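A.B. asks: To start, I am sharing the structure in question, which I have written as structure tokens.
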């Protein structure tokens, strides 16, 4: 029963029987000209299969022709121009090529192993075993202690050391001198250093300079010469006063003797600060009233006449004057403001 079912299945399955072969024992002949059967067995589309197979055939044919020509030339060279035998097979050429290239290839073990540089062996190198055995075979010799030979030089050096070590009178003097020198050095070291100069000096603008002193001296000379020339101070002469009145008013000024020890420059000397920062000009804030009051205060010493600055007439003052004139009854032909 099972045999019948297997036969029926084999008859229905047309794809499994190709050229009378069953699938488990299927063999494909790629060198046959019938390429359609190969494509059907593989299961690739005919268009793709034909293009791939044609490309492979063209490459194989070109490679085969190139290798065939090369093999014929090598065979002719090996035989030394002997007649070509028909028994020569191209497979031998491929095998020889393969063997030569395969022999030149590097093995995997040697390719992937780490490179170790071998140590250089010295020419006089002795094996470790031999060196140990030689050391053991040698008898151990004890090195005897040898005292140094005493010469005349060593004796003289010892004598000099003994002489220096002995305390004599000369040594005491030398030690005293050295101690004194050391004490002098220590005293020099212990002396305090001189005070450093101050970093910031005192300002010089408060001290009198040579130019200021010269100016003061010249001013003092001028004042002394003027006092000797005219002892009587000149007073302002008014036109109304007569010469007799002037003689009656002026009195002789008594001269006060100046002490010789006192210096007149100290009285007239002015500090640089006062000369630099003293205000000698009028400020802009001063008004005409202040000036008039200042001048009147000065003039009071001589005369009792009050000086007054007349203000300019304005339209308001003119109109008030007109009203007053009309009130009193005085008539004017022309107005004052004209």
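Backbone N, Cα and C define each Cβ position, glycine as well.
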A.B. asks: With the ranges 116-146, 147-177 to choose from, which does Swiss-Prot describe as region 'Disordered'?
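C.D. replies: Here Swiss-Prot associates region 'Disordered' with the stretch 116-146.
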A.B. asks: Suppose you had to name the range Swiss-Prot annotates as region 'Disordered'; which of 1-29, 30-58 would you pick?
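C.D. replies: In Swiss-Prot, the region 'Disordered' feature sits at 1-29.
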